[in-house]
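Everything on this sheet refers to the single structure shown next.
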């Protein structure tokens, strides 16, 4: 249940933040939040993370759907009971669904978080991307700290 609740919260926060950006900012506009470091910049992304594999709409929808189906199946297994694992899978699932909604509805994802330092700009991303990244990091942590000790 923890994974499902966390996934739902992630999807809601992701979709609300994207809606706020899309309805209050012009495409490609930027609002500097921390000068020289962080801005909100509204862009569309038809690819994956960092703009890779542009125009792969249905490929990414299929990958996200398969990932969600796999996670839902795994969550029914006894070995998925560890809380850290459930949090990790909930975040990954929520992020996958958040971006999948955009891809199905519009064929692109709204990205708006932009970090930069001098001439280096990290690619724009969104809340769903954060959820997937943190979820995968927690999954790795679970594998290293829990699975290796055999305490899952």
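Every residue gets a Cβ built from N, Cα and C, even glycine.
The following features are taken from Swiss-Prot:
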TRANSMEM  55-75  transmembrane segment
TRANSMEM  87-107  transmembrane segment
ACT_SITE  111  active site
TRANSMEM  125-145  transmembrane segment
ACT_SITE  129  active site
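DSSP assigns residue 129 (active site) to a helix in the three-state reduction. Counting residues 6+ beyond its ends, the transmembrane segment (125-145) has Cβ neighbours under 8 Å at 10-11, 13-14, 17-18, 49, 82, 84-85, 87-99, 109-113, 152 in the same chain. Every protein chain shown contributes to the tally, and the Cβ of residue 129 (active site) ends up with 22 other Cβ atoms within 10 Å. Counting only residues at least six positions away in the same chain, the Cβ atoms of 43, 44, 45, 123, 124, 125, 126, 129 sit under 8 Å from the Cβ of residue 111 (active site).
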